[in-house]
Structure formats: C-alpha cells, structure tokens
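As recorded in TrEMBL, the features of this protein are as follows:
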DOMAIN    1-74  domain 'Ig-like'
DOMAIN    79-177  domain 'Ig-like'
DOMAIN    184-276  domain 'Ig-like'
DOMAIN    283-369  domain 'Ig-like'
DOMAIN    371-456  domain 'Ig-like'
TRANSMEM  597-623  transmembrane segment
Amino acid sequence: MRVFCFSFDVRGRAFNKALHWSDPNTFGPRAYFVTVAKPAALTLDGVQLDDEGLYRCRADFRTTPTRNFAINLTVIVPPHQMLVYDNSGRDVSAVVGPMEEGSDLILTCEVRGGRPPPTLTWFVNERIVEGHLEPSRNHVMVNRLVVNGVKREHLNSSYKCQASNTKLMMPTERMVRLELLLRPLSVQILLKPKQMIADQDYVITCQVEGSRPRATISWIRDNRKFRRGKIAEDGNDTTISSTVTFAPVPEDDGTFLKCLGDNPSLPGVGQEDSFKLNIVYPPQVSLHLGSTLNPEDIKEGDDVYFECNIRANPKEHKITWFHDGGLVSQNMSSGVIISTHSLVLQRVTRWQSGSYTCLAANNRGETVSKPVMLRVRFAPVCRDSEISVIGASLDEVIRVRCHVAADPSEVTFVWQFNNSGESFDVSPARFTTTSGNMSELKYTPASQRDYGTLTCWGQNPIGRQSEPCIFQIVPAAKPSPLSNCTLRTATNHSTDALEVECRAGYDGGLPQRFVLEAYDSYTMRLRFNVSSSNTEMPFFRFELSELLTSNGEGIPPSLRVVVYAENAKGRSEKVVLEDITLNDAEKRTDDNSSISILPLAALLTGSLLTLGLAVLLVIVLAVRRSRHRHCARSHCGHQLEISKAPKMTPQASRTNSMLEINTGDQRYVVAYTLKPASDCVNQPPLSVPIDHQPDILNTPRGTPPSAGGPLPRPDALFTPTMERSRPNAMFNSYCHAELTLSPETCAIQTATIGRPRGRPKDVPPFSTFATMRRDHIIADSIPGPESCV
C-alpha cells in the first residue's frame, strides 16, 4: 500500500503564509490545499490511476484534540479507443455502405481500456437497440449489432455505439450513417400514341422513380439503342425523366419503343416500359424480276414474271402496273396475267421490252417503284415493215441501207436480188455492215433487167430473220402531182388562217417533199412558201392577217395558191388551187347602230340562195340534155365558142382556166387545161350554139383573135405578164375558133371559206396561172357525175 503525504502548517505564522509540503514522489506539484473554499479541500490536478486509495486527513489543534478523517478515492479510467467495423471488417467512421437493398447489416463496436469496464450500447436513430455483447478479453469490450434485410426505409439511418463507465463524464461514442443502393421503383412512359404519322415530330417522355444513386434511362428499339432525335433529362436523386423528340419512319412500324430505367450500381435490376409503334405512311414499293429468271437470258417466247413487294400502313387498296409509262391491263388472250403482287407475261415479245414499274396506293398516298428494265432478246426484224421503193436511173450508184432491229445487235447479213428472170445472192464484197445492225449495199442498175427486188436477211445468236427487208428498185422519175386538195378556213380567236390538205401522188421512187407557194394575184409577187414532209397527206397552214393586205387602190387583197411535189429528179406539175380574196367590210360594221340588220340580211341571203339554186338546177338540166345530143357526134364534144364571147385582154384570157361559183359561204372552183388545136382537126364546125356549153357555166370570155396557128400547151406554170395594150398577142398561137376540154384533163376543186369573199366590180375575175393538173379531183357539191368540163 502506497502512502502519500501532504501537509499544510500555519503554526507561528499567518494563515496566508502557511507552509505547504507535497511528497515529490507521489503528488508533487499536482497537489495543493485550497483554503478559500469551505470546507477547505485538497486538490489534485491530473488524477492518475495511482492516485486511487484511502486518504486520511489529520487536523492538529493547539487546545483541542486532533481530528482524523478518512476518504476513499476511486479513480475512473474512461475507454481510450473505440472502433466500429462493417460486415467486411473495415473500420467505418461516418458512412457504412453503400449496401444493396435487402442485404444484412452487421456493425461491430469495439472499445479498448476503461476502468471499471465500460458498458457498450447501440442506438439506431437515437433509439436504444439491443446488440450482442461478447465477453471481454484483454480489456477489450465488443458489442455486435445485426440488422437483417435492410430496407428502403433504413436509408440514411444513424447507428451509434456508446461506451460509458461513469456518470462523471460524457460517454465515449461513435456514429455512422447507412447508405443504400436502391433499384428503381417504377418506369413509366407518360404518353403512348396509338398512331403516329411518318416524318412528323413526336415527343415521348419516360419517368423513373426510386433509384439510388440516380438512375440512367435508355431508349431501346428492337433490342438496339435508339439514337435518333434529341434526348433531354431532368430530375433529382430519386426521380428522373427523359424526353425523346423524333420523327418516326416507316421502318419503325410494328416495332416496340422501350424505356429502360436502370441503377448503374446494380446491374440487372432495371425496370422498363414500352409500347408498339403504329406508323402510318404511304406504300413503300420495290419491284424485282422473278427470282428464277436470268435477266440476261430472256428471249422472245419465254415466260416472264415480276414481283412487286409492298410495305404499307394502312394496307394498300390498289396496285397498278406500267410499261414505259403506259398502263398494263390484264389480257389473258395476250398472255398478260396480273395477280395480287405479280405480273406474268407469257410468250413475251420484243415489244414488251422496256421499263416496268408498279404503283401502290393507300389512304396516305401513292408510290411508284423504281423502274426495272426488261430486255427481251430477239432475232433480227426490219425497222420498216413496209416495202421500200427506191428510184434509180441507169448507171446511177445508189446506196441501199438495210436497217434491222435485233438484240443482241451483232448481226450478219445476206443480200439477194430477184427479178422476173433470175434470182441470185449478192457477193459479201458488195455490201458493208455498220453499227452492228445496219448493212449498206452499193447498187448500180446497168440495164432494165437490173430493176427488181433486193431482199436483205439478218442473223444473230438468237436466230435468223423470219421475214426479209424488201427494196423495190424502180426507174427514177419526177413525182406525180398532188390530188384531192382541200382548202378550208381555220379561225383561231382573232386571227384567220387557211389550211390546205392534199393527197400525195407517186413519189417517183425517190423521197419527195411538198411545197405550197402563195402569190399576189395582181402583181404575181411571191408572198410566202411553206413545205410539208407528211408523205401521205401533205398539210399546210398559213395566217392571212399579215399576208392579205390591201394594195392601196381600194381593191381587196387576193392570193394565188400553188402546190406541187418535188424530189431529186425534179418537180411535179403544179396545181393551182384558186384566188383567195379577203373582204373585211363586215369587220368595219358600225357597232353604235341601234337597229340590227343581221336578221334581215340573213333572210334576204337565204331567199336569194334558194332562188339561185333553183335557176341553176334548171339551167344544168337543160344543158345536160343538150350535151347528150351533141356528145355522140364526135370525140371533142364540148367546145367553148370564143368568137361570141366578149373581148378580153391577154391577161384576162389566161384566167379562163379558173371557173368560180359562189353560193353563200361555199365557193366552188373548177380547174381545167387548154387542149391544143391539133386535137380538134376533125371536129364539127367552129360555131356551136350557146346551149351546148358545159354544166358549169364559164366566166365571160373576150373576143377571140383572128385565126392563127395551133394552140400549144404551156411549158411553165407561170406565163409572162402581157400588157393590156396588146390584147391579141397571146391568142396568135391558139385555135382561132374554139377551145376544147378533154375529159382526162378535167378537174374540179371545192373549197370552203369561213365567210363570203368577193371581188370589187371594177376588178376583172381573172388569173395569170395556167392549170397544169391532170388527175381528177372529185367535186363534192356539183351534180352530174358524167359531166366533163
């Protein structure tokens, strides 16, 4: 037992000068006696465990007995170290975890030192909970707390271990906070459209709640991350939303758009929400040749089929097929069969080559597929199925071109010549092959036996040409005149136009073209010309607004129209149609007149027309009966008595080849050719009664010249203009008594003009053209088919 001494002595001195003594081996300066306090006390600074023991206080008095007091000092030693361990034995100071939700939490509190041994206590959120206290060993106290299956509500809970062995001081403690990993509670797409239109923007929002740490949101389509459009996120630690803005495409139709909310620290525990995309869009169409077909090995006679693949929402209600832009219709007899999505062409021909497309339609629109080319290989065939007539002169070198269509175009040719007496093959040295599908033969007819038929045969890998190309070699000549010409008006709003349509004659064995020329009827100046290349029905059209202008003398403008054909050998005989006179007086009618005379004029015109037709009919019937009596006498039965006709100028005499009859809006023109006097030698006397004239009355004639030589046929279409001062110059070469019209040179031409065209009374109705036309033009309004003028 240790003895500690401390004394306080005031004997013989003042109280404040008392002597203090402290055993330096025990207390030393840590002990001092405090007299100020009542009662006075011994104070020890920095109490140590060795200071524990029984303290005796002895007080000695001068006059009274000594007093003794005993005090037992117990020294409490607090724990000097406290540690808290988690499940894995790691020391934790502030936060334990993060731990996965549902796992077990084990906290171990370990206290070292302390006298007496301290008491360990666990507090959860400041509430005492019971732990498992383990036996002390080596002055170490352990208390283990076990929490089975931590839940979401345990997040951020505080766990405090407290060690206490006295109430004289605050207990020793350590507190930790529990951190958890929480899986998402819910994933929800807020708005799920039932139907979406392709290529329109839509906004889809997904919200994720309950995840800790903050959840990550992914958009998935068909198990692949959706990357189109714009994605934006917003939220806090437990609730987050993701918004995607995108325009759906047809490929999205029928797929699922999924929103996946996941905890990045807890893989595999995410949740998702999804909906099916219903995208409406126009049809998507693709066309393919049948899978069993080789596109490079299709020839005439094979069966071909196409497949039209269609994706559409809503489903297509119409499928249409096209060939080179033209509609393809089902025709079983022709081998064209259309099924739901297929087009079958049985026994395909070369005409069915080309571009094929299919069109599909629904209520969103129509879509045409990309074209698919069908190539049908075939043996050579002539480009022109008609027999070509080629005109050639003797010893003229001509180039005969045989042009065939073939696929493939590598063609070999064989030429043959045929006439009525012989047939032989043409030597290959005589012809050449150019561009694969054309052969050119140089041919020179040396005699009449060399005119005949050339035939050309082609052959390629598909086969030999079934029908040859035929070229008829004939002697070349000038083209024949045009026939059946019709003149009519064509009104286009405020402008007047004339149209002339004729029938082409024989082309003379050479390419021909057709020309229309218009001359001023008074000055014989060429006003314009126009050509036509239509080989069957030449057609001409010209405007009158600029051509028919007045000559300044008050005389209405007049045109003379001539048509002819020409080829390399020359021109055909020219055909004079008629003089065209334009009277625009009706255009200048006073519009301010208050009384309209149109009904009265129409009535008067109708009456005069009826009366004129009746008189004309009587005259025609009388002339016909008279003519029948005289036509039996001789071959030149119809003669015109010139001696009794009024005298005409030479220019006027040349107009007698044009005969005009105006009936209302209709105008009839009779063209004829003067016959030489030599053809009338054996004719009856010159004088013929006036009732023997033709059905169509002649225009007044001038007095014939004195007897002269025979009347020759003009060599040119136009004769020189003669001065009016020499009225007998032209007639010196004509028959002195009469002019004869032969039936084979008769021609009647009918033309319809939009409104009546008339001449002023002071302008003689004559022409400076002689008609050179020989073939017949059928009159469509003149009675009497047997009439000949």
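Every residue, even glycine, has its Cβ placed from backbone N, Cα and C.
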Would you mind splitting the domain 'Ig-like' (283-369) into helix, strand and coil residue counts from DSSP?
-> 6 helix, 48 strand, 33 coil
By DSSP assignment, list the helix, strand and coil residue numbers for the domain 'Ig-like' (1-74), in that order.
-> 9 helix, 30 strand, 35 coil
Summary of DSSP states over the domain 'Ig-like' (371-456), given as helix, strand and coil counts | 6 helix, 48 strand, 32 coil
Which numbers of helix, strand and coil residues does DSSP report for the domain 'Ig-like' (184-276)?
-> 3 helix, 50 strand, 40 coil
When DSSP states are grouped into helix, strand and coil, how many residues of the domain 'Ig-like' (79-177) land in each?
-> 3 helix, 57 strand, 39 coil
